[in-house]
Amino acid sequence: MRTVVWQSLSEEQQDAILERPAIAEGANITAAVADVIAKVRTQGDAALLELTEKFDRVKPESIRVPSKEINAASERLSAEMKQALEQAYSNIAKFHKAQKPQPIKVETQPGVMCEQVTRPIQKVGLYIPGGSAPLPSTVLMLGVPAKIAGCRKVVLCSPPPIADEILYVAKLCGIDEVYNVGGGQAVAAMAYGTKSVSKVDKIFGPGNAYVTEAKRQVSNDFRGAAIDMPAGPSEVLVIADETADPDFIAADLLSQAEHGPDSQVVLVTPSPIVADQVTDAVQRQLKALSRADIAQKALASSLIIISESITQAVSISNYYGPEHLIVQTKNPRELLPLLDNAGSIFLGDWSPESAGDYASGTNHVLPTYGYTRTYSSLGLADFSKRMTVQELSAEGLQNLAPTVVTMAEAEGLDAHKRAVTIRVEKLTQNR
């Protein structure tokens, strides 16, 4: 990790120092994904089976996972694992149930009633990556709010063979259908539908560059599907003062660095002593990690920033807008009102990022790569949509008519004006 003194940098250097590592996109990925999507749209299930065998080197017996296979997953898991998953489920459900929106009903003037109502998105698709380690936590983070929101159909795609933990949590969440499909072909199948895979209205979940590009492409097609949010590499920023525990900070930085070589970790502190202690602790703890080589690559593009004060550290954090923000200071809650841009915030020594990643109850699907300035952490609202309602009485329309007519005339929209005056004339005739 590189250490820099913030005040010694010019404004241009400060901007440059906080730039994220570039995301490798490339025309080859764009073209390859477009080909996969086109193949799935034209060949349907046959394309899914062919691409699964090609990319995953597996030939599933069926695209949809049978119920008996999902039920059998429970028998192969330890009691300890099931208890952990159920505890996480309980906490995540509690927090997301509390997010249920309340209807709004306001009489803006006599006889003019305005309302806001919320309805669930009818059909949603969840993408769960494969790889060397299963991600049942992501199933929880997507499946729990989808069901609480009331989505009528919730389906899940994951590359085969699907881990027992994922199948168990899918059943725990009440997910309707699980498919043995991964990669960009899974995104295409959910966006456009095949004989076996249900078409959905919105797709959620992380993935590699091909999955991310597939989500982008289908979301740009009105016949495709909406997506949750733009994706980018994982990141964490820690604000720490002289009271912070350097071993805790190092552990938090490394827990993010081990996600991938493109992850970025940043420490901002006014204490050079803490900075040095954290540097030593990172090197010491790194040796014990099974993914040390991955974490080491991430650390190469990571930073320790020496700020003038905690106030300046907050400003740096707000400018950077991290996915995860950890505050290890004497009075961390006092800083909360000053923090504007972050996906999820972890206050105090006893709030490691890992808690939020798995089981505290908050959602771990978060905006990254600076999108925290405009995007929120995933929640119940992402699985719903709002509608407004207005109901005017005869008296209400008469009272509002002069305002609407004047504005319609100013905009040159005669039919808008007439839709009001024709009603007012009718009311006048009926008196």
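Glycine too: its Cβ is placed from the backbone N, Cα and C atoms.
Remember, it's a predicted structure, so these values are computed and weren't measured experimentally.
Here is what Swiss-Prot records for this protein:
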BINDING   Tyr127, Gln185, Asn208  NAD(+) binding site
BINDING   Ser234, Gln256, His259, His324, Asp357, Glu411, His416  substrate binding site
BINDING   Gln256, His259, Asp357, His416  Zn(2+) binding site
ACT_SITE  Glu323  active site, proton acceptor
ACT_SITE  His324  active site, proton acceptor
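Using the Cβ center of Tyr127, Gln185, Asn208 for NAD(+), the list of other same-chain residues with Cβ within 8 Å runs, in sequence order, Pro129, Cys157, Pro159, Gly182, Gly183, Gly184, Ala186, Val187, Gly207, Tyr210, Val211, Ala214.
Using Ser234 (substrate binding site) as the reference Cα, a 10 A cut-off selects Glu323 from the recorded positions Tyr127, Gln185, Asn208, Glu323.
Here the candidates are the binding-site residues Gln256, His259, His324, His416, and by Cα distance the one nearest Asn208 (NAD(+) binding site) turns out to be His259. Of Tyr127, Gln185, Glu323, all annotated as recorded positions, the residue with the shortest Cα distance to Gln256 (substrate binding site) is Glu323. Under 8 Å, Cβ to Cβ, and six or more positions away along its own chain, Asp357 (substrate binding site) finds Ser137, His364. If you compare every pair of Cα atoms in Ser234, Gln256, His259, His324, Asp357, Glu411, His416, the residues listed for substrate, the longest distance is 56 angstrom.
Under DSSP, Glu323 (active site, proton acceptor) is assigned to coil, being neither helix nor strand in the three-state scheme. Each of the binding-site residues His259, His416 was scored by the other Cβ atoms within 10 Å of its Cβ; the lowest score goes to His416.
Reported as a whole number, the C-alpha separation between Glu411 (substrate binding site) and Glu323 (active site, proton acceptor) equals 44 Å.
For the recorded positions Glu323, Glu411, the greatest number of Cβ atoms within 10 Å around a candidate Cβ is found at Glu323. The binding residues for NAD(+) are recorded as Tyr127, Gln185, Asn208; their greatest pairwise CA distance is 13 Å. Calculated from their C-alpha atoms, the gap between Tyr127 (NAD(+) binding site) and His324 (substrate binding site) amounts to 22 Å. A helical conformation is recorded for Gln256 (substrate binding site) in the three-state DSSP classification.
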